[in-house]
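Q: Attaching a single structure in structure tokens format; questions to follow.
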Amino acid sequence: MRPWTGSWRWIMLILFAWGTLLFYIGGHLVRDNDHPDHSSRELSKILAKLERLKQQNEDLRRMAESLRIPEGPIDQAPASGRVRALEEQLLKAKEQIENYKKQTRNGLGKDHEILRRRIENGAKELWFFLQSELKKLKNLEGNVLQRHADEFLSDLGHHERSIMTDLYYLSQTDGAGDWREKEAKDLTELVQRRITYLQNPKDCSKAKKLVCNINKGCGYGCQLHHVVYCFMIAYGTQRTLILESQNWRYATGGWETVFRPVNETCTDRSGTSTGHWSGEVKDKNVQVVELPIVDSLHPRPPYLPLAVPEDLADRLVRVHGDPAVWWVSQFVKYLIRPQPWLEKEIEEATKKLGFNIPVIGVHVRRTDKVGTEAAFHPIEEYMVHVEEHFQLLARRMQVDKRRVYLATDDPSLLKEAKTKYPTYEFISDNSISWSAGLHNRYTENSLRGVILDIHFLSQADFLVCTFSSQVCRVAYEIMQTLHPDASANFHSLDDIYYFGGQNAHNQIAIYPHQPRTADEIPMEPGDIIGVAGNHWDGYSKGVNRKLGRTGLYPSYKVREKIETVKYPTYPEAEK
């Protein structure tokens, strides 16, 4: 008897068992027709699992064929190795099937999640609208009307918090919360593997590279976003990002003295040819491309925010309320991995400040932004939203203390906040506020301070700030990497979220609207609206691109238009 014969019989037995498992799964799929609601929810996931099983079955078939060597001398060792590999693959398949059988749900459908978020947004927009209108009424008549208006606002707030609490529990029911947790983790790990693969090519001397200089003339948050923009272009054009950060205005030793290097194996920018950015197609044969700041970028590639990868879009829409922010956050996550000394510094600051949850993060930007990019907002404006969210948190958790992490560049604000709100516990480091002043801003101590502020703001349960500040937006982005979906965990006193240099932010009308005042614009379902901002009173401002008219429209009558781009998928990262 030839030595391969026993192995071949064993292979046939494995394939038979594999076929039986496929038949078993198929049988479950057929039986699920008796429960159409459950089947429709599970169908796409089951089909995906079956497709993977079929692929593994095909792999087994090819491995079996490689063992069928009818002529020539036989080497028993490789055959035994292949058999062991088959055994391991079969065991893994059995584990996958057992896990699948135990899993009662795999999350809800995309439409369910979109509707849930629409209800949530609609309730919030209704609240903003009623608050605004009733506050106007308070000034029209005497004390009686004012008292009734106050009571009505209080009752209305109670209703709104009840709706939001119910929606939260809806999002966690029937295993949906567990599914969202796992799906977000899987997506994050997938993207981080792809980035790591791109940043560490096998042969650095032959790799295509994109060079980015960190020293854009602006503050830390702005410079970090500059590097994120470079990274997204590098990822889209399949070029390894080379970050030039020597003589960084915050740390002369460069980025790597604070954060882990963006590359482990490829830090050299040298190449056979070098050129300035002239477009993905024109730069095809240029090995090293230098990228300008986004303000000077021409031509503009499709990889800029707010676009997301086409291959991930459907999964992202299901799991996250703002896929564009999630996508940006993945590059931030990779970039700000701390060096050991910084990690230790964060741990020590956490203990020293007594940072604990629940806590709401408040970022108050004064100094250079006020009067230029942002208006002045008193602490009372922030605390209204802090109080509202603590009342909401109290519906679903024990709130032992009402803690607020206060980050500001105004050293006098901490004392003011403590005086005006004695029932709150304010966590803050005034030395950071002093270091954030204009005269101290570009120092290593200032860098330490802004990193700590952003860290603690991102760790909060909710964020109240002005999105005109890059520090606030960075904290919000990092927050997305700490939760499956933290897209709604903020209130901005001014702008909606944006990324400097982004492409147009568009929405799609889902309800018709007829203007009641000259300030409003008409809409029909399907109209594309270029959004300029949310007034947080039930109305947003934008342009109806079909009509070319700019004005106000009810925020609840539109939905976000998700822009997708055919990014590379880096299959090599999975090998």
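Even glycines carry a Cβ here, placed using N, Cα and C.
On a predicted model such as this, the values are computed, not experimentally measured, just so you know.
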Q: Given 117-123, 159-165, 299-305, 425-431, which one carries Swiss-Prot's motif 'SH3-binding' label?
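A: Based on what Swiss-Prot states, motif 'SH3-binding' spans 299-305.
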Q: Between C212, C222, work out which one Swiss-Prot annotates as bonded to C218 by a disulfide.
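A: Swiss-Prot lists the disulfide between C218 and C222.
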Q: Swiss-Prot pairs C212 with one of C230, C266 in a disulfide bond, so which one is it?
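A: Swiss-Prot annotates a disulfide bond between C212 and C230.
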Q: Does DSSP give C218 (disulfide bond) helix, strand or coil?
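A: Note: C218 (disulfide bond) is coil by DSSP, not helix or strand.
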Q: Once near-sequence residues are set aside, which residues in the chain of S278 (phosphoserine), 6 or more away, have Cβ atoms under 8 Å from its Cβ?
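A: For S278 (phosphoserine), the qualifying residues are P299.
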Q: If one looks at the chain holding C230 (disulfide bond), which residues at least 6 apart in sequence have a CB under 8 angstroms from its CB?
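A: Non-local contacts for C230 (disulfide bond): L210, C212, L241, L243, L291.
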Q: Work out, from DSSP, the number of helix, strand and coil residues along the motif 'SH3-binding' (299-305).
A: 0 helix, 0 strand, 7 coil
Q: Mind checking which of C218, C465 has the fewest other CB atoms within 10 A of its CB? They're the disulfide-bonded residues.
A: C218
